[in-house]
Amino acid sequence: MTEIRNNWTKEEISAIYNSPILDLMYRGATVHREFHDPQEVQVCTLLSIKTGGCPEDCSYCPQAARYHTDVKVEKLMDVKDVLNSALEAKESGSTRFCMGAAWREVRDNKDFDKVIDMVKGVSTMGMEVCCTLGMLTPEQADKLKDAGLYAYNHNLDTSAEHYDKVITTRTYDDRLETLDNVRNAKISVCSGGIIGMGESHGDRVGMLHTLANMVEHPESVPVNALVPVEGTPLEDQPRVSVWEMVRMIATARIIMPKAMVRLSAGRVRMNTEEQALCFLAGANSIFAGDKLLTTPNPEVNADKEMFQVLNLKPRQSFKNGDAPKIKFEQIPSALVK
């Protein structure tokens, strides 16, 4: 039985990450089968509920106000429109619905009240509800938990050492503090990062080291390949190869056996064969839908065809934890189509 550890050294993780690729894939696949059904893949939908105009300077992000990209600033969506999108996601097979807002941090205002209503509404649909809204205070995390939030995404993005080369408007410790607030509120932690931002292999190991040595491993670990966007500082970064993704996914699977390892951004550039390598290495979650916030993603029909070819089946909701025990009144009919 593989031991669940929170005391990994960078040297140990580096040895795993740098092992021969076929050996690494085999080990990742073996651990994956020990803890998960290898034919099960979690299908998630990510919706941008507030787009563009972000005051931060994340070098990869087309939603930063300071960069000249094609992203148009949009205000926070209406609650009924978000709930309709959630219903459509459920009908298409998603079991987790994540709402993302281009904010630096959550503020205690009417917009946050609307997000609380969105969380309450989606939680009545039988899906895992996730948000990614920026930095959170302990009190805000508690409010989201009380509303029925299942998971909160707040990525580390990269290693502590490389972080300042990518972002300067918030610190690495700011990110870790938000994750602590989420965990203390008994909300599942979703945290991973992006590769292809000019970091070294040592930086990738460093990020995995931080994730694997948290008090509890994240419930979900998104592994993103940079999708360079014209107008951002990282627009000319070379494409991340499938083998780089396989190394990250297999290593994450080995050192965080129970986590959902999500094959996230960059999947649109992969064919079915390349995605199959990632699933074999230990990935067991994807984002479905034509967009990931503002970047392209494979079409729903293409994913359905891939599931058929690879004999994959959607994972049911709440297999990693209990559904919210709070009961809400039925969604008012005026809020949904």
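Start at 1 and count along the chain as shown; that gives each residue its number.
In case you wondered, yes, glycine gets a Cβ from its N, Cα and C as well.
When Swiss-Prot records CYS98, CYS130, ARG262 as binding [2Fe-2S] cluster, the matching candidate from CYS54, CYS190 it lists for that site is CYS190. Between the binding-site residues CYS58, CYS61, CYS98, CYS190, the minimum number of other C-beta atoms within 10 Å of a residue's C-beta occurs at CYS58. The [4Fe-4S] cluster site is defined by CYS54, CYS58, CYS61, and by the 8 Å test on Cβ atoms against their centroid, the other residues of the chain that qualify are GLU56, ASP57, TYR60, PRO62, GLN63, ALA64, ALA102. Counting only same-chain residues at least 6 apart in sequence, those with a Cβ under 8 Å from the Cβ of ARG262 ([2Fe-2S] cluster binding site) are GLN42, CYS44, GLY192, SER220, VAL221, PRO222, VAL223, ALA283, SER285, ILE286, PHE287. Per-residue pLDDT, averaged across the domain 'Radical SAM core' (39-267), gives 94. Those residues of the chain, other than CYS98, CYS130, CYS190, ARG262, with a C-beta within 8 angstroms of the mean position of the [2Fe-2S] cluster site C-beta atoms are CYS44, LEU46, ARG96, THR132, ALA151, ASN153, SER220, PRO222.
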